[in-house]
Amino acid sequence: LTVTSGNLAAETLHCNFTSIEAFFNYSTEHGLNITAEIEQCPNLCILTFGTGNPDLSGIGMMYAYSFQVALTIIFGPVLRGLDIFDNSLPQWDVFYLRKLFKEIIDVQTIFWESNGFLIMASAVATLVRMGQHPTIFEIAEMQILNFVQLNSLLVIFFCLIHPIARWWQRFLQFLLGFALATAALSQSQLSGHSETDWLQASLGCQNEPAFRKVTPVPYNKAVVYAAAGLCILSFFAQTTTTVFPRIQQRPSLRRVLAILTVVWSLLTTLSLVGMVWGLVKLWGQRSELIKVAGPEFEDNEWGFGQVAALFTWLPIPVEISYKLNGMSE
């Protein structure tokens, strides 16, 4: 750390800040280059990236995200695939699997609704937290989390089997969730004048590989909104063809519908891959922070909230058990 006095004691003092905000204020007062100073004080990187946030990346919350992705795959492409190829499957009902499949279709709607409310809750929490000066690790986790949530919403929406009851209400409800998640994703990055200090601090820690892997991905917000607009148009087109099946019978629209089907299939596949990649990234960033934070890492303790988070998706297997009990009667 370069100081005007050249005093070693002053140099040590300047590296021992108790908060990153205090360091930012000191740097502003003395006209210091934040990036250069942090390169000389590696301990400040812990203050910059933080030591975790149990409300966001606690062990229970991470398992809840993992369950969400697993259930999205089960109630999304797996269930939709079984429905599409139902006539190609053997006609005998081994262990009542065919009947179980018919019953679980009803649970898909329940998961779709529950998933949508979790996505909206995560998006609102992200927007609120971004206004509270979160650490870089939190920003990186919130960025990937909202990416996972958006992809989960896309996968389930395009894999719905039954026509949507009160379709316009459901469409508006999930349009709101999609808009909130998109806004949260666009805000979860180091950009803008208010984030200049954080961005410079992040650059000062790039010599450590673990910190490089935890840094939020930079992107243009216009790209996010353009992709969101395309998804919304696809939402509307898919909903219209589902609610008004007569559209599919018009010869003039068959080619357009065929093209849209390809687009929906491609979008679902990309969303599925993106969702799984995002979940791996969530766990990966967490593991990298553990390497540098060591015993100071806060997110591995099974506190009250982490235990409660494990029960987030309990209604889904409970509902399936009700279906199984009904089959046995």
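Even glycines carry a Cβ here, placed using N, Cα and C.
Features reported for this protein in TrEMBL:
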TRANSMEM  62-82  transmembrane segment
TRANSMEM  103-124  transmembrane segment
TRANSMEM  144-164  transmembrane segment
TRANSMEM  222-244  transmembrane segment
TRANSMEM  256-280  transmembrane segment
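Beyond the transmembrane segment (256-280), the same-chain residues lying 6 or more positions past its ends with a Cβ under 8 Å from any Cβ of the stretch are 65-66, 69, 72-73, 76-77, 144-145, 147-148, 150-152, 154-155, 158-159, 231, 234, 237-238, 241, 247-248. Tertiary proximity for the transmembrane segment (103-124) is limited to same-chain residues at least six positions away from its ends with a CB under 8 Å from its CB atoms, namely 68, 71-72, 75, 79, 83, 145-146, 149-150, 152-153, 156-157, 160-162, 173-174, 176-178, 180-181, 183-184, 312-313, 315-316, 319-320, 323-324, 326-327.
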